[in-house]
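S.K.: Swiss-Prot lists these features:
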BINDING   E187, R233, H461, R502  L-aspartate binding site
BINDING   R233, D234, E235, E495, G547, L548, D549, R550  ATP binding site
REGION    211-214  region 'Aspartate'
SITE      H44  site 'Important for tRNA non-discrimination'
Amino acid sequence: MSAVAGTADSLQNRFRSHFCGRLHTEFENKTIAVAGWVHRIRDHGGLIFIDLRDHTGICQLIIQPEKEELFRKAEALHTESVICVSGVVVRRSEETVNPRLASGEIEVVVEDIRVESNASPLPFPVADELQTSEELRLKYRFLDLRREKIHENIHFRSRLISEVRRYLEERSFMEIQTPILTSSSPEGARDFLVPSRLHPGKFYALPQAPQQFKQLLMVSGFSRYFQIAPCFRDEDARADRSPGEFYQIDMEMAFIEQDDLFEILEGMFKHLTEKMSNKRITQFPFPRISYKEVMNRYGSDKPDLRIPVEIEDVTELFVNSSFKVFAGNTKEGNCIKAMVLKGRGNESRQFYDKAERRAKELGSAGLAYIQYKEEGPKGPIVKFFSEDEMNDLKERLQIEAGDVVFFGAGKWERTCKIMGGMREYFSDLFELDRDELSFCWVVDFPMYEYDEAAKKIEFSHNPFSMPQGEMEALETMDPLDILAYQYDIVCNGIELSSGAIRNHRPDIMYRAFGIAGYEKAEVDKRFGHMIEAFNMGAPPHGGIAPGLDRLVMILRDEQNIREVIAFPMNQQAEDLMMAAPAEVSPLQLRELSLKLDLPKEEKKEKRS
């Protein structure tokens, strides 16, 4: 294990005088005391070698056979037992130096062993990073956390939080804690509810985010706020999302514009990348891409810019096409998108069949394509195109022999998303550089969208964002053309955070909600406390809240968020180690004035 930043070389107490990973030749011939876990035990022809591990690393102990009592103690030890040892530091011979260990130039000749805790047989080995089921790892998380990789992940997370605090405090941010027990919020996910004993029938909610509190702090006169904030959302797990609980670097600033916030966050990510990793940022300052452009070019509002493929709009080439599918879409005002894979025109039929299956999973009726072989274009739809169309397409997309072009056609947003899904699917064809961090800002999100099912205009994203153009835009523009001061920060296809310049003016807020069909009375009922505060003097303000867990994932090259959280839940939102969630006693339910009304299936299971 790597040494822990900021750890002293020595710590005098009855358990130890030094740390295992900090012993080196400077301590040769000195008597020291170390304590930790038995990582490995090896018996080599009369000598017993023990690798002793603490949170700084490993050192090698030697027990000599002439010390019979010590030898018997060592023979009886199990791996992962906790021992305290005193002994003399000696230099290793040149041929036995272990360059993999920080303490690899020395070893400790043991003079005394005290067993603090003898370990029982383990459900899985700690020393060897063998494949272990996730269920076992989560049930015995305290053991799993001893393993080198995940142990270092948690150390890394701790150091990163310290760096975040230092960076923000140097820029006049103040760390302020906001309530955990609060009221239900409009963030969008399901709340975790907490019943009130003192107020029967009423419930607190765990915060999905400290959104309203941090805005009220700006109204309270605090200029720059941050918090390593726990957030609670009752939503399903994903590889990059933990069910139930997660942490974010929550930030808010008064009297700022969008560019001010971008400068702060870009600087922080650059600092963390350079200080905490060997990765490199592709472009600094981070590129800014409008929502419309990012969907047109990448088919996703969280694009991985490392993928060397872009989507092209070729609608105008097929306005009067002899291919009825394309011509019909252009007449209906739909779009036609194309994506070129360089050098993949000679793949097997299986390659194209698999790609079509993926397109259908994404919601497409199929996947049209043209292969450009040396002898000419081939494919199921080539026969439908005129020679002029084929030539125009080749020139427009700069197609060469050996390439293949995939097509999508239909309504703009749906077609963009399907093509974006295919772009992501084809990313496996490329060796993406894991040490490259391709950040970007996605900006200029639409304020509103049309809900086809409800047949009405709805907010597209955050209803509390300031519309670009403010009141004038709301009063003079088509709602579907209004843009919001809202932004996402994305890295390598992972959305780290959304943020916005807030709507701090009640008159604009009422008007914005009115366009989405909300009456003033309903707005007052749901957000009256915010509007009341804004009516008493609210500064322009904005913020963002990058996901801490996701940031650690990226910097540590982890594919699953559970690898960077000390005690995560499983995908079913269960804590296998603590057996949560769990039933509670009838007395606890009575104290909370609660009765259970379980689903019928569950009731049957209880009776059986």
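Any Cβ shown, glycine's included, is placed from N, Cα and C.
What you are looking at is a predicted structure, and each value in this text was computed from that prediction instead of being measured.
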S.K.: Helix, strand or coil at R233 (L-aspartate binding site), per DSSP?
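M.R.: The three-state answer is strand.
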S.K.: Across the region 'Aspartate' (211-214), what does the pLDDT come to on average, as a whole number?
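M.R.: It averages 96.
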S.K.: Are there residues of the same chain, six or more positions away from R550 (ATP binding site), whose CB falls under 8 angstroms from its CB, and which are they?
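M.R.: Counting only residues 6 or more apart in sequence, the Cβ neighbours of R550 (ATP binding site) under 8 Å are D240, I494, L496, I561.
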S.K.: What does DSSP give as the helix, strand and coil breakdown of the region 'Aspartate' (211-214)?
M.R.: 4 helix, 0 strand, 0 coil
S.K.: For the ATP site made of R233, D234, E235, E495, G547, L548, D549, R550, how many Å separate the two farthest Cα atoms?
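M.R.: Of all Cα pairs among the recorded ATP binders, the widest measures 19 Å.
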S.K.: Just to verify: the residue among H44, R233, H461, R502 with the fewest other Cβ atoms within 10 Å, which of the recorded positions is it?
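M.R.: Comparing Cβ neighbour counts within 10 Å for the recorded positions H44, R233, H461, R502 gives H44.
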S.K.: Reported as an integer number of Å, what is the Cα distance between G547 (ATP binding site) and R233 (L-aspartate binding site)?
M.R.: 14
S.K.: Could you check which of the binding-site residues (D234, E495, L548, D549) sits closest to R502 (L-aspartate binding site), going Cα to Cα?
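M.R.: Closest by Cα: E495.
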S.K.: Based on Cα distances to D549 (ATP binding site), point out the closest of the recorded positions H44, R233, H461.
M.R.: R233
S.K.: Work out how many Å separate L548 (ATP binding site) and H44 (site 'Important for tRNA non-discrimination') at their Cα atoms, rounded off.
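M.R.: Checking the Cα atoms of L548 (ATP binding site) and H44 (site 'Important for tRNA non-discrimination') gives a distance of 46 Å.
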S.K.: So, in DSSP terms, is H461 (L-aspartate binding site) helix, strand, or coil?
M.R.: coil
S.K.: Near E235 (ATP binding site), which residues of its own chain have a C-beta under 8 A away, given they sit six or more steps off in sequence?
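M.R.: Non-local contacts for E235 (ATP binding site): A189, R190, R241, P243.
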S.K.: Just to verify a number: CA distance, H44 (site 'Important for tRNA non-discrimination') to R233 (L-aspartate binding site), in angstrom, no decimals.
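M.R.: Their Cα atoms are separated by 54 Å.
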S.K.: Mind giving me a neighbour count for E495 (ATP binding site)? Other Cβ atoms within 10 Å of its Cβ, every protein chain shown.
M.R.: 17
S.K.: Could you tell me the C-alpha distance between D234 (ATP binding site) and H461 (L-aspartate binding site) in angstrom, no decimals?
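M.R.: That separation, Cα to Cα, works out to 19 Å.
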S.K.: Between the binding-site residues D234, D549, whose Cβ has more other Cβ atoms within 10 Å than any of the rest?
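M.R.: In terms of Cβ crowding, the pick is D549.
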